[in-house]
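Record features, source TrEMBL:
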- 44-440: domain 'Major facilitator superfamily (MFS) profile' (DOMAIN)
- 442-461: region 'Disordered' (REGION)
- 110-130: transmembrane segment (TRANSMEM)
- 136-158: transmembrane segment (TRANSMEM)
- 170-191: transmembrane segment (TRANSMEM)
- 258-280: transmembrane segment (TRANSMEM)
- 292-313: transmembrane segment (TRANSMEM)
- 325-343: transmembrane segment (TRANSMEM)
- 349-371: transmembrane segment (TRANSMEM)
- 383-404: transmembrane segment (TRANSMEM)
- 416-434: transmembrane segment (TRANSMEM)
Amino acid sequence: MSSSNNELQSQSRSIGSRISRIIWDRDDKPEPERKFVQRLDWGLMTVACLGYFVKYLDQANISNAYVSGMEEALHFKGNEYNTLLTMFTVGYVVGQYPSTLLMVKVSPSIWLPACELIWTILVMCCAVAKSVRTLYALRFLIGLAEAAAYPGMLWVLGSWYGPSELSKRTVLFICCSSAGTMFSGYLQAAVYDNLDGVSGRAGWQWLFLMDGVISFLNCGLAQNTSPFAQERATRFNRAPTKGSIFNLRNMLEAFKNWVPWTFMVPYTCFVVGLNSYAYMNLWLKKEAYTVAQINLIPTGGYALQIFMALIYSWVSDAMQKRWPVILFASLLPLIGNIILSVWPNDKAALFAGFYLNFTITGCGAITLAWANELTSYSAEHRAITIGFLNTASYVFNAWVPNLIFPASQAPHYKTGINAVFLVGTALNAYLSHLKAKEKKEKKAEYEGSQQTERNAQKKVASQKAVYKGGASATVTGVRYEGEKSGVSKVVKSVRLG
C-alpha cells in the first residue's frame, strides 16, 4: 500500500515538474543548468520583483492620495496635479543616465539599495508636506532617486538570463509594477477606513508613511544578488568589464548601433500609451463613487494587465519570437482607445475601454527584453541602450500628457491620439523585426564564411597530425591522431579518447 502511495506521489511530482518545465522553463536543459536557473529565480528574481513592487508602490501612491483627500487638503488648482506628475518625470529623466552608468561602475548590489533607501525617506516626507510646491520638490527628488531602479534591474536580468528565459522574467518583473499599483489601491482603501484621523493625520498622509515602512524592509535585500551575479554572467559571457569607464567614445559607439534608434519610437509609444488608463480614478470620482471604490475598482485592470502580460511572455519565449507578440499585444489597447475616443453613453463600454488599455504592459516588457538580447554583446552598450530608451520615452512623457490629458478636461480626454501612438508601436515593432532579421542574416553569412575558414585550417592541422603516432584527441568534433604533448601544444582544450 505504501509503495503504491509513493508511486502516486512520484508520478504527481513528475507531472507537476513537466508542467512547470513547459510553462516556466524549456525542457531541453540539463538538470544542473535547470537547478541553477531555479536558484537564480529564487534569489535574483525575488529581489528584483520586490524592489520593483516597492518602487511602484511609492510611485503610484500619489494618485491614490490625490483622490483620497490630498487635493482638498493642499488646495490643488487647475493643472497642478499634472505638474506634480511631470516633476517626478523630470527628475526621473535627469537621473536616468548618471544612475545607470554609475550602477555599472560601482555595482548594482550597492547602488540600487542605496537609491531605494533615499527615495523611501523622501516618500515618507510627503506625509508632512504643507503645500503643493513642497510636493513638487519632493516628487522631483523621488524621481531622481528612482531613476536607476527600472533600467538597472533590466540590465541585471539581461546579464544573467538567456534568450529562452528572458522574456518571461522581464514580464514578471514589470508586472510587479501592476502589483504595486494594485496594492497601493488596497492599502489606501484600508488606511482611509481605519487610520483616517488617527494621531491627527489624514488617511492620505498615513498612506505615505505606510509605504515608507514597507520600502525600508526591502532596502537591504539587493545585497544578496552578488553570488548569483558572477556565476550567471560568466555562463552567458555577459560579465561587465570591471573598472570600465564610460566616455564620449563609448557613448558614440553605442549609438552607432541600430538598436537604440529602431526601438526608441515603439517604446516611447508604449510609455505614453500608459496614460490612457492612468486617469480612470478621476472618471470614477466624477461618477460619485466612494473613496474605497475609487481605489479598488482600477485594481481589476491591473489584475488583467498581469494575466495578459504573462500570457504574452510565455508565447514569446515558446515561439522564440518577439515581434508577432508585440504586434498582437498592441491591438487590444488600440480597441480600448477607440472606445474611449468615442466615449459612448454606456458605463459598461467605458469600463471595457479602460480595462482593455491596461493590457498594453506586455507590449513594452517584451520590447525591452528584445532590445536587451540584441545588445548582449556588451555590458556598456546594453546599459546605454536601456537608459536611452527609458530616457527618450520619459522625455516625451514629461510634456505629451499635459497636451492630450489636461486635468481641466477630465475625465473625457481626446484620447484618439493615443490610438495613433499604439498604431505606431505595432508598425515599428514590425520594422524592428525586419531590421533584426537583416542583421541576423548578415551575421549568419559572416559566421558561415568564418566557419569555412576554420574548417579548412582544421583539415590541414589534422593531416599534419596523421604522421605522428600516439594518443588520440577530439576537439570540437575534429579528430586528431598524434602525441598527447604534440596536440596540446597546438590546442589548449582537448578531450582525450
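From the backbone N, Cα and C atoms, a Cβ is placed for every residue, glycine too.
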Contact set, same chain, for the transmembrane segment (170-191): CB under 8 Å, 6 or more residues outside the stretch: 45, 48-50, 52-57, 59-61, 63-65, 68, 153-154, 157, 203-204, 206-207, 210-211, 291-292, 295-296, 298-299, 302-303, 305-306, 309-310, 312-313, 358, 361-362, 364-366, 368-369, 372
Contact ranking winner - 136-158, 325-343, 349-371, 383-404 against the transmembrane segment (110-130), Cβ under 8 Å: 136-158
Segment-segment contact (the transmembrane segment (136-158); the transmembrane segment (325-343)) at 3 or more Cβ pairs under 8 Å: no
Among 292-313, 349-371, 383-404, stretch most in contact with the transmembrane segment (325-343) (C-beta, under 8 angstroms): 349-371
Positions on the same chain near the transmembrane segment (292-313), where near means CB under 8 A and six or more residues out: 64, 67-68, 167-168, 170-172, 174-175, 178-179, 181-182, 185-186, 188-189, 192-193, 277, 280-281, 284-285, 325, 328-329, 332, 354-355, 357-359, 361-363, 365-366, 369
Distal contacts, the transmembrane segment (383-404) - CB-CB under 8 A, six or more residues away: 79, 82-83, 85-86, 89-90, 92-93, 96-97, 100-101, 103-104, 150-151, 154-155, 158, 246, 250-251, 254-255, 257, 259-260, 263-264, 267-268, 270-272, 275, 368, 371-372, 375, 413-415, 417-418
